[in-house]
Amino acid sequence: MQKRVVILLLDSFGIGASEDAKDFGDLGANTLGNIAKACFNNLADSNDRSGALKLPYLESLGLGLSALKAANELPLGFQSQPNLIGAYAYAQELSSAKDTISGHWEMMGAPVLFEWGYFKDKTHSFPKEILDEIVRKTKIKGYLGNCHASGTEIIKDLGEKHLETLYPIFYTSADSVFQIAAHEERFGLDNLYALCEEAFQILEPLKIARVIARPFIGTNRESFKRTANRKDYAIKPHKKLLFETFIEEKRGEVISIGKIADIYAHVGITQKFKAGSLMELCDVTLEQVKNAKNNSLIFTNFVHFDSDYGHRRDISGYANALEYFDARLKEVLENLRENDLLILCADHGCDPSFKGTDHTREYIPVLFYHKDLQPAFLGKSESFADIGQSIAHFLGLSPLDYGKNLLNFKGQP
């Protein structure tokens, strides 16, 4: 029997502070719950949306009930007895961090049980010897930033100075990351990518998970904006991924949409599709759901929930994007094939109502749909790896080293 798996990952869509949230300073975080509360109280109204958060298709897959189990309260405005068509769980992260790479790697069988390297100082964040080596090896004349910053704010603050000097802007965050912003036209996209590649080679021994190219355009503070040509340079996963097993044992196709390929350092990816906006990500995903051959795994990361709304602490924007996604989810459901398994999940939280601008340590929703899957609560997962293990079971692959299978189809003992 030919099967397909479709994974839709809503980047940063947490559903309540996890049991270890206190260790991360994230007690009280609840991305979905706090967005729903703001919407219900008309605090997230805008020209684009108003009133309670309306996510009927996500609710039908068990989103609200998953959040109820995770946070002990139903998101405001959600139904306590929706017309349930999916099976649902919620998951605690096993990995030692709350970043994109850790969450994604864990769900494909490679939890991060070591400590990433971090740049913890808010100013003068990077060691001088590292900066000196980057300058020496790349022949840039200097750099700006060298601090923790919001990516959109730092190009407003330093973009004009960057255009005067052509010094790249170096910055970081609470994540294990070294980010480089530069003007796409004046500095040059190829030059930015080459700089990031060199910086990645220098930083890899320090276990810095990612170097990210952040190109932008514009002529002044008011017009600067980031482009869709972001590129992530990531450390390769330390364990064999589900993708690789699927290719080796079933000659499967692994189709990356958005930044998935970069997150996994292109390991086990057979096809890659980029997309710039949330609409484009939905369009490309729907196209692949319609056209990808059997024996495929389609995996999309919907980054904008995190980058445009979570980190920016934009509750109304996050709510509007969720409602747009939910409407497009209807199209995905309508185009699934007989033996498709649909999975919706997240990689961490990024509560737009919470203090600061960083990710939040939260439980994630794990929602499944298949025609032969009984709608039911599947319990609490102690690792995101349960997602990968369930996929391995569904596809008839060798089991992963981590995680347990959550799925029991009609007709199975």
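Each Cβ is built from the backbone N, Cα and C atoms, and glycine gets one as well.
Keep in mind that what you see is a predicted model, and the values were worked out from it rather than measured.
Taken from Swiss-Prot, the feature Mn(2+) 1 binding site covers Asp11, Asp347, His348, and the record attributes it to sequence analysis. Every protein chain considered, the tally of other Cβ atoms within 10 Å of the Cβ of Asp347 (Mn(2+) 1 binding site) stands at 28. DSSP assigns Asp347 (Mn(2+) 1 binding site) to coil, not to a helix or a strand.
Residues annotated as Mn(2+) 2 binding site in Swiss-Prot: Asp306, His311, His359. Cβ neighbour count for His311 (Mn(2+) 2 binding site) (all protein chains, 10 Å cutoff from its Cβ): 20.
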Expressed in Å to no decimal places, the gap between the Cα atoms of His359 (Mn(2+) 2 binding site) and Asp347 (Mn(2+) 1 binding site) is 10
If we check Cα distances from Asp306 (Mn(2+) 2 binding site), which of the binding-site residues Asp11, Asp347, His348 wins as closest?
Asp11
Might you list, by sequence position, any residue in that chain lying six or more from Asp11 (Mn(2+) 1 binding site) with a Cβ less than 8 Å away from its Cβ?
Thr100, Asn301, Phe302, Val303, His304, Phe305, Asp306, Ser307, Gly310, Ala346, Asp347, Cys350
Could you tell me the C-alpha distance between His348 (Mn(2+) 1 binding site) and His311 (Mn(2+) 2 binding site) in angstrom, no decimals?
12
Give me the count of other Cβ atoms within 10 A of the Cβ belonging to His359 (Mn(2+) 2 binding site).
30
Additional residues surrounding Mn(2+) 1, by Cβ distance to the Asp11, Asp347, His348 centre under 8 Å
Leu9, Leu10, Ser12, Phe13, Gly14, Asp99, Thr100, Gly103, His104, Asp306, Ala346, Gly349, Cys350, His359, Ile364
Fewest other Cβ atoms within 10 Å: which of the binding-site residues Asp306, His348 wins that one? Let me know.
Asp306
